[in-house]
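Listed features, source Swiss-Prot:
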TRANSMEM  34-54  transmembrane segment
TRANSMEM  78-99  transmembrane segment
BINDING   His84, His183  heme b b562 binding site
BINDING   His98, His197  heme b b566 binding site
TRANSMEM  114-134  transmembrane segment
TRANSMEM  179-199  transmembrane segment
BINDING   His202  ubiquinone binding site
TRANSMEM  227-247  transmembrane segment
TRANSMEM  289-309  transmembrane segment
TRANSMEM  321-341  transmembrane segment
TRANSMEM  348-368  transmembrane segment
Amino acid sequence: MAPNLRKSHPLLKMVNNSLIDLPTPPNISAWWNFGSLLGICLTTQILTGLLLAMHYTADTTLAFSSVAHTCRNVQYGWLIRNIHANGASFFFICIYLHIGRGLYYGSYLYKETWNTGILLLLTLMATAFVGYVLPWGQMSFWGATVITNLFSAIPYIGQTIVEWAWGGFSVDNPTLTRFFALHFLLPFMIAGLTLIHLTFLHESGSNNPLGIVSNCDKIPFHPYFSLKDTLGFMLMLLPLTTLALFSPNLLGDPENFTPANPLVTPPHIKPEWYFLFAYAILRSIPNKLGGVLALAASVLILFLSPLLHKSKQRTMAFRPLSQLLFWILIANLFILTWVGSQPVEHPFIIIGQLASLTYFTILLILLPITGALENKMLNY
């Protein structure tokens, strides 16, 4: 009998083991769809980004008008740009839900997968930041100025690092050119990291909602989950196209319709919505270095999740107290996101400070204590 090419060919064999014959727990819910959705987001962003890069000019005098030209004169340029801009938002929605799933169901106990995932998040954040600077509108320019300036809080070498990153003494042409180069490069780095992420995941196999070992009961990925993922793709691409076609500027800042002007500061400098929670934490500390450290900690704290897991059960499925804390944490993140979009004045300052304190308290203190308490209650 002729050998099955899918199982014998060196390249097809890898695809087969990752996407076709992959043994998968039969009870994974729709929360496990977000990994593949992130893959679709990345593919969409790289394709639309490539098409946009063909019409973009990385020069301070031409960047703004080259984006306007793309939207007005290039065939479907407006659509490509709208999908790319809003695709970034969907990318972050998916990655935040994906991380939330990981925290709820204890997926962080696969340490290598979890750590590469956090590196992916950091790379995605860097990509989105440098990408936001490229249209060279007011918020692009001032966002770049404010965020890069944070590095000057690093003692002794800070100012040198900032000027080195800028390529001068302010955000100018060299900054824009290098940000374009980085924005082109980083998505491919994300793609590479994704392969590492998947390699680690396939070492252990997927977690499942019960948090128990499912080696005795697995089903092939195709056709069961390939079909389920296809449904997920449609359910994500539908709102994405709806947003891109009907309300493409809903999530953007009106300030970015004004070309960058170093002499006029916008009344409220704020990042895109997906960075607002971290921005609120940054602003809640009235000291530059302290704020920068809190900003870094707000994301890097995820690295500690495996160490802070004190429960004998893996998931929160059967732990009502931890569930309550988890959902308070989610509500808290919404509050931080809202506060980040408000001006720095009373009552937003105190709300932001309380929400920031609550964020770190829940993750560092309350969740581990609750895990240990639940062990005690269940006589573990």
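Keep in mind that glycine also has a Cβ here, set from the backbone N, Cα and C atoms.
The structure, with features from Swiss-Prot marked on it.
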residue	record	contacts (Cβ under 8 Å, 6+ apart)
His84	heme b b562 binding site	Gln45, Thr48, Gly49, Leu52
His98	heme b b566 binding site	Phe34, Gly35, Leu38, Gly117
His183	heme b b562 binding site	Gly49, Thr127, Val130, Gly131, Leu134
His197	heme b b566 binding site	Thr113, Thr116, Gly117, Leu120
His202	ubiquinone binding site	Asn17, Ser18, Leu22
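Same-chain neighbours of the transmembrane segment (114-134): 56, 58, 63, 67, 88, 91-92, 95, 98-99, 102, 107-108, 140-141, 143-144, 147, 175-176, 179-180, 182-183, 186-187, 189-190, 193-194, 196-197, 200, 271-272, 274-275, 299-300, 302-303, 305-306, counting only residues six or more beyond its ends whose CB sits under 8 Å from a CB of the stretch.
Take the transmembrane segment (289-309) and the stretches 179-199, 227-247, 348-368: counting Cβ pairs under 8 Å, 348-368 has the most. If one looks beyond the transmembrane segment (348-368) by at least 6 residues along the same chain, the residues whose Cβ comes under 8 Å of a Cβ in the stretch are 280-281, 283-285, 294, 297-298, 301, 304-305, 308-310, 322, 325-326, 328-329, 332-333, 335-336, 339-340, 342.
Sequence-distant contacts of the transmembrane segment (227-247) (same chain, six or more residues past either end, CB-CB distance under 8 Å): 30, 33-34, 36-37, 40-41, 44, 79, 82-83, 85-87, 89-90, 94. Sequence-distant contacts of the transmembrane segment (179-199) (same chain, six or more residues past either end, CB-CB distance under 8 Å): 18, 38-39, 42, 45-46, 49, 53, 56, 58, 113, 116-117, 119-120, 123-124, 126-127, 130-131, 133-134, 144.
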